[in-house]
């Protein structure tokens, strides 16, 4: 690890540098181990019994867990050496010199001095070296135990992921489609359940190590302090269930907080997607408030969460104090004395040891419960239905069993791209036997009397007997829902066959190129999506791209066909996605191509092109067998064979001629439908096609993104400040800085009072804790005198004595009898006469007890205050940061949303807000606590033995470098872990979505291979992250051991006899420091990673807001403005950003009140920019727009935008009710809403819905068709009775008939108002009273429509002619 961690300081760690996992740790190896253990449990007698996952896990991974537990036991037992050595050292302090000189005379043989074991163990120097060795060994064993469990946990996770993936590939399609297995469940299995099991394995050794540790600790305590120790221990034990209760409460509140945060995110996403509409209608504040409301609920849950977390922290800190108080208080009452310093501090050290397992216990139990649930879910998943045992998967099924299965030849084309490295498939699938040819070669696929179901016992397809001729084009037609797609899937073996058979001719069932109806893309480049694992052939690739007319779309993408698309990539429209899927099917070199309704998302031009170039030319030239499902009946003339379906069975099969002669009725029905489609075709050609629209959207997305790319998430880490000349030093200094600035920003968001409270209470608490221990030291030291101790020292060491005594009479009886001879305080009294020291009176004892009690009570109270103050500081910071972020973003200019990707903004509201809400406060608490503990420990040790400061300097330097190097490496490895996890999760979800496609293509092996690689990559990153933590812990632990050794030696060397208590205090603190050093560094590293979230949120807080004020006051604007609707445009120049070129140049126009105006021009001529200028959404840097005598730039934005109406090109609906979508401000009466719906032709539709106006609208209005959504948007504009209406290409997604109705409605309903229509289809503005024609931002023509048409050379005339 050393070279890796040191090199990380110079340049970031990359995966290449780390290397690959050893074979024993790869997912495949472990998968085979787990699978063997799982399958071995299936017995002949009871084959249906589900194998136990627990047993399989034990068989596969039991050994390393046992090894780890052994290490753990050794470490725990060595842990008790600390308190025992402290006991010995403090007890024998100052006696060594006297002893040795006295004994030297007796045992001097050959001038060599021999020492017996007892004496050896009485020597404080020997004891301190033993203590050092014990610590080093204990820490080594502990880290070894951790490392082994983590490695095993990683192996288990890899094996489980491979197991789940294999199962996914064999899941029956009905499971997915019938909703028994949702994508969400599969994602949960992968992301949550496997991790739960991995974590459980990490904590597993604790389950059996803790009870031993607790029992040992209690026995030793009892030995030191008899009965009173048991009281202290019982305090700890009794409060453990409370901890468990708090832990379960925490889990519950976290769940409810998660639900609210999901709602909040959904709302935020809707707002960001519809931000343009919200700004144009001046509704941003209404929606902002609704998010704030949900955030309020979330904060309530977070408040409860913070309270329980602080309770948990409080218990952690307060229990040891309470236990110590109870122990010494009871001891005082029982014996009227207090223990010696050696006993007191050994007991104190033991309490520190005991507290840890008792707290961990609640965590471990919680994880064990979660693991049980996870295993149950996994078991259910692994037992769920699989796709039929197809002969082509197992190859050894006899023909008699072969009901409805596929026959196939040996498949060589599993993976054409790479030779199988470690062939997972060979393990899975026995070799496929060549089937005997069943049919004559001219039939590719034949189904004979087949009945198929999706698994719910209802037949989807019944009595199917069809044949697909080889090398010909077969079309399957029929109404929606008659089973066309199901027929394709039945042939592919995706459905359950109840009866009948599917036969494939030998050479055909290598693989089928299949394009599903719902397009499915990989998260990969466009090229990878099309080649799909086949070798790249440039000529073929080019032909396919042309056939699917993808070139214009590819040209728009920023990196051409190397652009990443899919979930994480650029979002393509439906038509673009579908054409890529069809291109994939065309590109594959397979004999059979199944196309399921490839034209559904395409407009008429593209459909024709695809039919002619792609299907008829490209596929038929190759003599490939094509099966095409379609609704476009005009293509039937091209079909060689037609299968007509109705209600799940075949209505007719044959050529078009056969059907014409034998079934005239059906043929006539088709003819009428074809005529209707032809009319649509004419209408379709008139409009600017849908594709152009899609391309336009894509172009706009990039056009607005080019300048000052804010896409880089990392915000250019202040690198500009440093010069490039000294490259190495720049990176080093840049990468090891702690983000103090961000911490300051975070704390200031929390509020001054909370910060003050936190800092002061923390400092006070730690001072009080030191005072408690100091008081204990003084109290115990005053109790014993020199004389008393000397007599004791001449016998055997106390802990050995107790031990031997315990074998004869129980120690407490012995103590009791001792106490009965002479009361301890009288004895002290008599001793003190002989010595110079004055022993405490009983009153003094009581005085100390009272002080001790008061200090403990103060300590416990302060623990409560600090834990609450940190959590609530975090909460108030989170509240303020989210509030400011939301307001900034919602009021940002529209340009910000064009430039910043939606995903990036959403990340601030999801991942980053979550870190600020839930992760920073506990890290901050832990960091301040461990730092202050270390500092107070160093302070105490230095005050007791000042000489300790000398070795402290080199130790501090070593510590500084360890933390510096670790922090950098840890951050890199953390990033690697995160960045390798995402592709893995995406791979799982995209496999589950595209199951049918993957299985049809026969690409299971390639996908398994990819999954294994992704799992191994992620496991590598995770393994190195854990190894880096071990690296740090071993080093800080050894440093801690050295500190203990130096403190022990220094105190023995310099200590006076009366300061025994103080030496005990110093040593106890030295022991605790070893635990806290590595926490300081790890918390620091975590905080650094988490502060990145604050930094990202902060970078958005600097966004400029729109100027909402305006130079006029809202009260100066007349109530009914704009009353006439007169618009004067004077020398108008508009740009999107001061950095960009103007999009409108010196436009002058005059629109009379009530005039109907059309605006047209080619794509990119500035039509839409003008509509935005009316609302002051773009930068008007010259000229002005005057509406009814008021310059719009002077108006407050809220006033201006709330007084105009606009209908946008993309229909936007929000989830909620219909009423909310029409009138979110709740200003209108129901009658007015019904009137608007009637005008928009929606009244009957809304009346038929349950709830009428309060009927539900789902997210994005998905429960209405696109046309209906557009009509709702029209109704929304009618509700706002403004005298100016702007329609921005608003009729693009409505069919001709509805559009004609609308045109009439607009003319009547808006007869007296000004209507400005921005036209896509020039035909819609032919009769306009005034037409403005734009070309590249300049107004070139302005006159009435008929006049412009009359001019021969007019651009308007050209546009009308080309569009017809």
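Cβ from N, Cα, C; glycine included.
Nobody curates TrEMBL annotations by hand; they come from automatic prediction.
Model, not experiment: these values are computed from the prediction.
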Of 932-962, 963-993, 994-1024, the range TrEMBL labels transmembrane segment: 932-962
Matching range for TrEMBL feature annotation, transmembrane segment, among 145-169, 170-194, 270-294, 345-369: 345-369
TrEMBL annotation of transmembrane segment - which of the ranges 305-333, 392-420, 421-449 it falls on: 305-333
Annotated range (TrEMBL: region 'Disordered') out of 646-674, 675-703, 704-732: 704-732
Stretch-averaged pLDDT - the domain 'ABC transporter' (1127-1361): 82
Criterion met for the transmembrane segment (197-221) and the transmembrane segment (305-333) (at least three Cβ pairs under 8 Å): no
Range from 124-142, 227-246, 305-333 with the greatest count of C-beta pairs under 8 A to the transmembrane segment (345-369): 227-246
Surrounding residues of the transmembrane segment (227-246) on its own chain - C-beta under 8 Å, 6+ positions past either end: 214, 217-218, 221, 308, 311-312, 315, 319-320, 322-324, 326-328, 330-331, 334-335, 347, 351, 354-355, 358-359, 361-362, 365-366, 812
